[in-house]
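A.B. asks: This is the structure, below, for whatever I ask next.
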Amino acid sequence: MTHLRFDNRLRQQLPGDPEEGSRRREVSVAWSAVLPTPVAAPSLIAHSAEMAQVLGLDAAEIASAQFAQVFGGNALYPGMQPWAVNYGGHQFGHWAGQLGDGRAISLGEAIGTDGGRYELQLKGAGPTPYSRGADGRAVLRSSIREFLCSEAMHHLGVPTTRALSLVGTGDAVVRDMFYDGHPQREPGAIVCRVAPSFIRFGNFELPSARGDIALLRQWVDFTIARDFPALAGAGEALYAGWFAQVCERTAVMVAHWMRVGFVHGVMNTDNMSILGLTIDYGPYGWVDDYDPDWTPNTTDAQGRRYRFGTQPQVAYWNLGRLAQALAPLFPDQAPLQHGLDRFRDTYLACDRHDTAAKLGLAECRDEDLQLIDALRALMRESEMDMTLTFRGLIDLSPDHPDPAQLREAFYDEDKRVADAPQLQQWLQRYAARLQQDPLPPDARRARMRLANPRYVLRNYLAQQAIDRAEQGDPSGVQELLEVMRHPYDDQPGRDAFAARRPEWARDRAGCSMLSCSS
């Protein structure tokens with residue numbers, strides 16, 4: 001018997017759909033009750049021991065057949081009351097109307113051992129009223145990617161939803177991976193995602209777009225009371241303080257993305273968390289050879305709206321859509337603009353902090369922003385790996401800056417040789433700056449190690465684990481998870497996980513470009 005205790009405030013305090021079941025429908029409520037659809041043979045593939053501990057689940061319970069049944073969608077623990085949430089959103093810059101949880105079903109809000117609230121949500125557990133004709137399922141490859149990235153991002157220090165479990169369903173799912181007319185049967189899986197809240201910008205956009213100001217206000221009041229309890233005040237002042245905090249949290253999240261080289265890939269407003277958490281791991285990727293114009297999403301290959309370098313601007317635009325949705329609650333629009341200004345101020349402050357940390361400086365001067373921009377330009381021109389470049393700078397000697405320190409960061413040997421003079425020039429400039437800085441060498445290196453990961457979840461690493469799992473060997477998933485639990489540490493015997501992208505992965509599906517098919 002589980003020790004999980006549930007307090008399902010969302011279902012209790014927001015208006016729900018009087019009809020139950022997964023029949024497709026437009027509704028003017030916050031949520032719909034829907035049960036997961038049973039699967040043939042649920043089996044646990046991997047789990048996060050840390051997340052289980054927070055929830056109070058011990059090893060015996062995780063290993064039990066009942067656990068796989070519950071988190072495979074075949075059973076419920078006492079207190080679980082499954083629901084799917086209704087929301088809208090802007091997708092690739094255009095209003096898309098009602099969207100909702102098309103294949104995500106929340107089981108309940110569990111109270112953790114730390115007293116925190118943790119919503120447990122199954123992704124791939126079958127159709128809901130918001131599935132828009134789809135089957136509500138997920139394939140193993142995308143589920144592995146979501147499971148691993150949720151935990152990898154947490155250990156990188158990036159605000160994120162978490163993952164408790166990855167369960168194979170024993171059923172096949174038909175998907176056309178690149179929407180090119182070649183559907184295939186793939187193994188199915190279900191991820192249990194965990195977050196204090198899965199509320200998105202789109203939860204506020206939909207009722208506002210429909211003119212349902214009463215429901216909009218209910219969403220705002222509920223969100224503040226449950227998820228922002230420290231906020232004080234009332235009325236418009238309370239709403240203004242809340243919106244400013246949403247903007248600040250979003251800025252912090254995106255600044256972390258830019259620090260570690262993460263590209264979300266599909267920053268639609270329905271994929272933006274009101275808590276400033278990274279949510280919905282689809283066609284994401286990590287920057288290998290530095291390119292601010294890179295996106296891993298094939299759907300965005302032409303427009304590149306969601307490319308790496310524009311993520312801060314897109315986040316600001318998305319917050320603008322949220323402000324637009326909230327405008328009916330504000331007689332004076334000035335507080336909304338103030339919130340948007342807080343995003344810019346917070347992001348710039350984070351960027352300066354991260355610049356100092358990544359370069360090992362006590363503080364960031366204005367000229368240091370120029371210094372790091374010059375490095376980025378050099379990385380782009382010379383096809384240098386972002387992660388390996390910054391990590392390689394840690395052990396650089398300010399007295400004898402040697403370009404050989406960064407040899408492993410180059411993808412093209414000819415460019416390494418040709419661009420050696422420019423790199424030497426930049427290193428000398430950097431070394432001169434270090435000699436002016438008050439941080440002792442040991443403190444500098446320690447600061448840099450905490451800002452520049454050695455291990456990131458490169459797409460080719462995830463794909464190797466997927467390949468093994470699809471052949472019946474899931475051990476690679478847990479092994480990769482263990483590596484990503486300590487991304488800033490040097491891990492003896494695990495150098496292969498820190499290597500730059502191999503040439504075979506440059507253009508391979510799943511390693512360079514991905515689709516939204518999952």
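Backbone N, Cα and C atoms are what each Cβ position is placed from, and that goes for glycine too.
Swiss-Prot lists 1-23 with the feature region 'Disordered'. Residues annotated as compositional bias 'Basic and acidic residues' in Swiss-Prot: 1-10. What Swiss-Prot records for Gly100, Gly102, Arg103, Lys123, Asp135, Gly136, Arg193, Arg200, Asp280 is ATP binding site. Per Swiss-Prot, active site, proton acceptor is recorded for Asp270, and the stated evidence type is sequence analysis. Sequence annotations record features per position, and here Swiss-Prot assigns Mg(2+) binding site to Asn271, Asp280 based on sequence analysis.
Each of these features: where is it, how hidden is it, and who are its neighbours?
C.D. replies: Counting residue by residue with DSSP, the region 'Disordered' (1-23) contains 5 helix, 2 strand, 16 coil.
For the compositional bias 'Basic and acidic residues' (1-10), the residues of the chain that approach it from at least six positions outside its boundaries are 30-31, 55-57, 61, 66, 70, 77-81, 83, 85, 106, 108-111, 117, 119, 222, 226, judged by C-beta separation under 8 angstroms.
Cβ neighbour count for Asp280 (ATP binding site): 21 (other Cβ atoms within 10 Å of its Cβ, all protein chains included).
In the three-state DSSP scheme, Asp270 (active site, proton acceptor) falls into the helix class.
Within its own chain, Asn271 (Mg(2+) binding site) has Gly89, Arg200, His264, Ile279, Asp280 as residues 6 or more apart in sequence whose C-beta sits under 8 angstroms from its own.
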A.B. asks: What is the interatomic distance between the Cα atoms of Gly100 (ATP binding site) and Asp270 (active site, proton acceptor), given in whole Å?
C.D. replies: 8
A.B. asks: Just to verify a number: CA distance, Arg103 (ATP binding site) to Asp270 (active site, proton acceptor), in angstrom, no decimals.
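C.D. replies: Cα to Cα, Arg103 (ATP binding site) and Asp270 (active site, proton acceptor) are separated by 14 Å.
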A.B. asks: Measuring Cα to Cα, how far is Arg193 (ATP binding site) from Asp270 (active site, proton acceptor) in Å?
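C.D. replies: Approximately 16 Å lies between the Cα of Arg193 (ATP binding site) and that of Asp270 (active site, proton acceptor).
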